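Here Swiss-Prot flags 131-332 as domain 'TLC', drawing on sequence analysis. Among the features that Swiss-Prot reports, N-linked glycosylation site is placed at N19. The region 'Disordered' feature in Swiss-Prot is assigned to 341-394. Among the features that Swiss-Prot reports, motif 'Last loop motif' is placed at 291-301, with the record citing experimental evidence. Annotation comment: Swiss-Prot describes 1-31 as topological domain 'Lumenal', evidence class a curator's inference. What Swiss-Prot lists as transmembrane segment is 32-52, 140-160, 179-199, 209-229, 260-280, 304-324.
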Amino acid sequence: MLSSFNEWFWQDRFWLPPNVTWTELEDRDGRVYPHPQDLLAALPLALVLLAMRLAFERFIGLPLSRWLGVRDQTRRQVKPNATLEKHFLTEGHRPKEPQLSLLAAQCGLTLQQTQRWFRRRRNQDRPQLTKKFCEASWRFLFYLSSFVGGLSVLYHESWLWAPVMCWDRYPNQTLKPSLYWWYLLELGFYLSLLIRLPFDVKRKDFKEQVIHHFVAVILMTFSYSANLLRIGSLVLLLHDSSDYLLEACKMVNYMQYQQVCDALFLIFSFVFFYTRLVLFPTQILYTTYYESISNRGPFFGYYFFNGLLMLLQLLHVFWSCLILRMLYSFMKKGQMEKDIRSDVEESDSSEEAAAAQEPLQLKNGAAGGPRPAPTDGPRSRVAGRLTNRHTTAT
């Protein structure tokens with residue numbers, strides 16, 4: 001059963017152009033070609049990268065965040081309340097006012113006290129700035145290293161400057177060790193991101209991030225197996241060119257260097273728009289869609305590969321819209337607003353001031369008159385103006 005599926009899955013017509021077989025890509029006479037089994041090393045490499053990340057965040061990222069002045073906010077802990085906790089975990093984190101009134105009556109609390117409990121309970125689950133800084137600093141280190149390493153690998157290759165050369169003698173293109181190790185490192189890193197996704201800081205575009213990481217892993221796996229390494233390497237380099245800038249923006253933002261953060265974000269926005277909305281469609285998509293089949297007809301891998309690239313481009317457009325909204329706010333107000341993907345800390349003063357304008361529910365169920373808004377409520381600094389990848393690809 002398994003052998004039959006394996007034989008069907010690796011049919012030449014799925015992976016290779018017409019009239020090309022796997023036999024032509026066997027190593028011979030010192031010529032080495034990519035083989036799908038080479039990628040089995042990516043999983044243990046991902047585990048090694050995870051261990052390196054944990055060590056980096058613990059022994060480098062955390063001390064660095066404190067040295068640079070990144071401080072966690074002091075959060076007021078909620079008083080244990082079984083009824084409210086059960087509703088929070090099973091029914092939702094943001095109950096409507098009728099639900100709040102009912103819960104307040106059940107617990108013998110005022111409406112304002114119940115609102116405050118849910119607000120502080122939500123804040124309790126939000127990640128602290130030092131955790132965000134550690135994650136951003138690890139990704140910054142990897143993306144910058146990967147971009148510099150990839151540029152050094154591809155700088156002297158003809159297809160970096162003329163993407164049409166990706167199809168020169170395709171698929172009979174030999175594998176260079178430097179390109180193999182760079183590709184394997186990228187695949188291992190994205191696998192480690194997928195493994196860590198449930199435990200990392202979650203953004204409002206969490207689903208888009210999951211899709212992006214899965215598409216990236218499938219693209220790298222397919223492109224390596226089908227010897228589409230040349231065009232695949234251009235896709236990787238194009239994404240790495242802006243990702244490290246985004247992570248740098250986050251780090252500076254957590255350090256509260258507003259002017260530096262604004263300047264970096266403008267640079268990142270320009271690089272992101274140019275690489276994802278200009279170079280990617282005009283150089284990558286054009287050559288894979290038109291020039292790749294100039295000498296050979298289309299095949300399943302052609303449609304599959306281009307379909308994944310188009311899905312990646314849709315994610316680029318989605319994140320570009322988020323960036324444009326932030327840029328519009330920047331142009332309007334003169335400083336960068338919080339990242340609209342971020343989960344923002346809620347302050348006690350904001351909702352208490354609003355609640356003071358409406359009657360409050362008392363313990364006995366009677367409505368009380370409006371109370372003056374508190375003037376000494378703690379004001380939490382808005383955290384997380386900028387986030388991760390991608391706003392990426394990735």
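Sequential numbering from 1, following the chain as shown.
Here the Cβ of each residue, glycine as well, is placed from N, Cα and C on the backbone.
Proximity of the transmembrane segment (209-229) to the transmembrane segment (260-280) is not established, fewer than 3 Cβ-Cβ distances being under 8 Å for residue pairs spaced 6 or more apart. Less than 8 angstroms from the CB of the residue listed as 'N-linked glycosylation site' sit R296, each of them six or more residues away in the same chain. In the motif 'Last loop motif' (291-301), the DSSP tally of helix, strand and coil residues is 5 helix, 0 strand, 6 coil. Distant neighbours of the transmembrane segment (179-199): 34, 38-39, 41-43, 45-50, 53, 142, 146, 149-150, 153-154, 206, 209-210, 213-214, 216-217, 220-221, 224, 229, 232-233, 236, 394; these residues of the same chain sit at least 6 beyond its ends, with a Cβ under 8 Å from one of its Cβ atoms.
A coil conformation is recorded for N19 (N-linked glycosylation site) in the three-state DSSP classification, outside any helix or strand. Away from its own ends, the topological domain 'Lumenal' (1-31) comes close to residues 170-172, 174, 222, 225-227, 296-297, 299-302 of its chain (Cβ-Cβ under 8 Å, at least six residues beyond either end).
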